[in-house]
Amino acid sequence: MGKEDKTHINLVVIGHVDSGKSTTTGHLIYKCGGIDSRTIEKFEKEAEELGKKSFKYAWVLDKLKSERERGITIDIALWKFETPKYSVTVIDAPGHRDFIKNMITGTSQADCAILIIAAGTGEFEAGISKDGQTREHALLAFTLGVRQLIVAINKMDTTKWSESRFNEIIKEVSNFIKKVGYNPKAVPFVPISGFEGDNMIEPSPNCTWYKGWNKETASGKSSGKTLLDAIDAIEPPTRPTDKPLRLPLQDVYKISGIGTVPVGRVETGVIKPGMVVTFAPSNVTTEVKSVEMHHQQLQAGYPGDNVGFNVKNVSVKEVRRGNVAGDSKNDPPKGCESFNAQVIVLNHPGQVGAGYAPVLDCHTAHIACKFSELIEKIDRRTGKSVENNPKFIKSGDAAIVKMVPSKPMCVEPFTDYPPLGRFAVRDMRQTVAVGVIKSVIKSDKTAGKVTKAAQKATKK
């Protein structure tokens, strides 16, 4: 099986700040990944000079992260590694400033989350305590539709590979993830040392008692020994090619001699030359002349592809970042009057009531929206109502809220088009809440602009 034929999957790595996420991720990328040996030698030398030899794997990741944060575009291959079955991209590791926002508006939906738990005495308890980040990250992953989970119990070397400690942690973590919404039976629990490399890629001689992990899902049972095995046993994602087209615009360029070129990622459906597309909420309809990716003409752009496409008779002023392109003949996108969403308040210093109007980041749109009505407060895990029309909600609460955008905006219910149905609420320079859209009241404006090119193409 050639490298090119492997299915791509996206992983997100979650866990408490000192659980060893960087070291573990660094180790996988280092051993199975896209970092060439020259780069590694350079990093190792730098680490040694700084007396950070022990820090080798995390150092690899730190270097990548700091370059990423400084805006140096890194070869994305550095964040990739291979398993026998998959080509894996680590889409984000927390600790990154905008982790929560990235996870929501993020370039891609994670197919699976790896929760890293530190086994050390006191460490485990701190990570999983009431206010722990671990709980928040796990809840976020679940709320945002990441349905597969792997638990890696790290730093087992610091517990002298104690079987009883491992079992104690499994018991606690099973209860914990059950409360979040995951089924522990479907989750592999793997004891590892991200630093020493035990059980990461090859079974470790240090835990002879460990018989391996098992998981049982709707599609059957699987088992294995290592973290790599567990990643290889992730169920392959279905990519939404059969849904109608949704393509949120990241930018719109004017290119001399070519014209207007919107750019963005195909989230669902397929975009092809000759197709007549409608942009929402600007309500402009026109023909796609050509589609390209990395300066190559494409016959079609599929979910996950970052494409540029050339449109006729449309000026740069008429379509902009945050607009969404769709097929004019197949459930075309529309602007919305309002939408109802399940909102979870993460960290807001005060109370949130009706009238609150923060900025929402939803796909590529960045628009202020008013919480016009708090419909009901709900239990985060079950979704059941606990109070009708609450006056306020505060950190930790979840509620169904009616939201009204301050200017035209295109969103969709999460169940129909997931990437257009989740959002981050930004205020005070941080993510204060996240939301999942339940229903949308679309604005049925009278016909907008239909270009000559579109009329011609429709007649064909």
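Each Cβ is built from the backbone N, Cα and C atoms, and glycine gets one as well.
The stretch that Swiss-Prot tags with region 'G1', taken from the ranges 15-22, 327-334, is 15-22. Checking the ranges 154-157, 178-181, 262-265 against Swiss-Prot, the region 'G4' annotation falls on 154-157. Per Swiss-Prot, the stretch carrying the note region 'G3' among 92-95, 128-131, 304-307, 448-451 is 92-95. Most Cβ neighbours within 10 Å, among the modified residues LYS31, LYS317, LYS391: LYS31 holds that distinction in the structure as shown. Mean per-residue pLDDT, taken over the region 'G1' (15-22), amounts to 72.
Distance from the CA of LYS317 (N6-methyllysine) to the CA of LYS391 (N6-methyllysine) is 41 Å.
Same-chain residues lying 6+ beyond the ends of the region 'G4' (154-157) with a Cβ under 8 Å from its Cβ atoms: 19-20, 24, 116-120, 123, 166, 191-196, 198-199, 206-207. A separation of roughly 48 Å, to the nearest angstrom, links the Cα atoms of LYS317 (N6-methyllysine) and LYS31 (N6-methyllysine).
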